[in-house]
Amino acid sequence: MTTFNPAQLVELAHQYGTPLWVYDADVIRQRIAELRSFDVIRYAQKASSNVHILKLMRDEGAMVDAVSLGEIARSLAAGFQPNGDPEGVVFTADLIDHATLATVIEHRITVNAGSLDMLERIGQHAPEGHRVWLRINPGFGHGHSNKTNTGGEHSKHGIWLDDMPLAIAIVRRYGLKLVGLHMHIGSGVDYTHLSRVCDAMVEAVQGLGHDIEAISAGGGLSVPYREGEPRIDVEHYFRLWDAARREIEAHLGHRVRLEIEPGRFLVAEAGVLVTEVHALNRRPNRQFALVNAGFNDLVRPSFYGSHHEMTVVKGNGMPSEAPSGSFAVAGPLCEAGDVFTQEAGGVVTSRSVPAPEVGDFIVFHDAGAYGASMSSNYNSRPLAPEVLVENGMPRLIRRRQTIEELIALETLG
């Protein structure tokens, strides 16, 4: 859990209101530095897609992965160049709609195709030589939740390994330039599983019958959301992939670029969500602390049963020294599932925290990934502002959305 200055968080809360996202740029830089052994660090921006975060990634030498037309636009706005070797932007998906296809062709954006139909559509419309990756589903998967499992027969992602000959036939028929193979399985700290993924990549390349210039390890590097959880051994992670890369190089007879596609790993521990306690609701066997952020702001606990450590901070910026109590922490939404302390399946739990009072702040830690980027306007609540702290100096990188802006899209006459 990254330690933020509680006094600064409260000062920012008074300045910009709550709920409020706050990020530490130094933590992001530290995580990027840990992955420098890989030839290319390609940030999976779906984790946190603010343009200012993307510019920070670009300044640190990272490339970017985009999974929608909107993310392509963000990438270009942040200054990433689609051309180059390696390319600054890669578009990854399992389908490509007409508007996205037009933009991909206009900017010559490299495509990471996760289905045969997507690859066929690229071939039919893109000029000869358009650069493509093939995202492979090796037939097995992994993830912290069934909803994040990105491999196996129950996952929609990737071209089934047995269909690779069909994919290569499409590449050759349209004269596409095959850049490399991509597997996003997400082994976390399960190194036995990671070794299996690496072996699957080697076997896929050996059976390809076509040259490539790169392989991608995908993402899925875990972070310790709970106190005491193991931290991933990045050096060991790299060694396993590097060994696979060397086998592939021996097979192909030339150097092969090794990419990695982290999202959560780079930004999760860099962000917190600052909320304010507005009510306490007592039950015979449970106490609720009700804050002014809901799953419209941070959906992970409701969607996945995900855990976020919490700290209670007083209005004067000091950590609460109140006696600990057992509290469930919930939000303001008119929705029974708007509870931050729950397990997978929606079972409400309680946490031992210093007993909060109305006016205290509750800070949700390690919330920088899939927090703001998964926010919604449910219950017609505006998106919260975002602040980036660099060298101790905060700056607003997204203002709070207004209710008028919500309604403006519906004003037709």
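Placement of Cβ uses the backbone N, Cα and C atoms for every residue, glycine included.
Per TrEMBL, the feature active site, proton donor maps to Cys334. The pyridoxal 5'-phosphate binding site annotation in TrEMBL covers Gly220, Glu261, Pro262, Gly263, Arg264, Tyr370. Look at TrEMBL and you will find Arg264, Arg300, Tyr304, Glu335, Tyr370 tagged as substrate binding site. TrEMBL lists 21-368 with the feature domain 'Orn/DAP/Arg decarboxylase 2 C-terminal'. Residues or ranges marked as domain 'Orn/DAP/Arg decarboxylase 2 N-terminal' by TrEMBL: 36-268. The N6-(pyridoxal phosphate)lysine feature in TrEMBL is assigned to Lys46.
Structure coloured by features recorded in TrEMBL.
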| residue | record | Cβ within 10 Å |
| --- | --- | --- |
| Lys46 | N6-(pyridoxal phosphate)lysine | 19 |
| Gly220 | pyridoxal 5'-phosphate binding site | 28 |
| Pro262 | pyridoxal 5'-phosphate binding site | 27 |
| Gly263 | pyridoxal 5'-phosphate binding site | 22 |
| Arg264 | pyridoxal 5'-phosphate binding site | 26 |
| Arg300 | substrate binding site | 21 |
| Tyr304 | substrate binding site | 18 |
| Cys334 | active site, proton donor | 8 |
| Glu335 | substrate binding site | 15 |
| Tyr370 | pyridoxal 5'-phosphate binding site | 22 |
Nearest of the binding-site residues (Gly220, Glu261, Arg300) to the residue listed as 'active site, proton donor', judged by Cα-Cα distance:
Arg300
Considering Cα atoms only, can you say which of Lys46, Arg300, Tyr304, Glu335 is the nearest neighbour of Glu261 (pyridoxal 5'-phosphate binding site) among these recorded positions?
Lys46
Max Cα distance spanning Arg264, Arg300, Tyr304, Glu335, Tyr370 (substrate binders), Å?
27
Please tell me which one of the recorded positions listed here (Lys46, Tyr304, Glu335) sits closest to Arg264 (pyridoxal 5'-phosphate binding site), measuring Cα to Cα?
Lys46
Tally every other Cβ atom lying within 10 Å of the Cβ atom of Glu261 (pyridoxal 5'-phosphate binding site).
26
Pull out the binding-site residues from the set Arg300, Tyr304, Glu335 whose C-alpha sits within 10 Å of the C-alpha of Gly263 (pyridoxal 5'-phosphate binding site).
none
Rounded to the nearest Å, what's the C-alpha distance separating Pro262 (pyridoxal 5'-phosphate binding site) and Arg300 (substrate binding site)? Just drop the number here, would you?
18
Quick one: Cα separation, Tyr304 (substrate binding site) versus Tyr370 (pyridoxal 5'-phosphate binding site), in Å?
11
Let me know the largest Cα to Cα distance in Å among the pyridoxal 5'-phosphate-binding residues Gly220, Glu261, Pro262, Gly263, Arg264, Tyr370, as an integer.
15
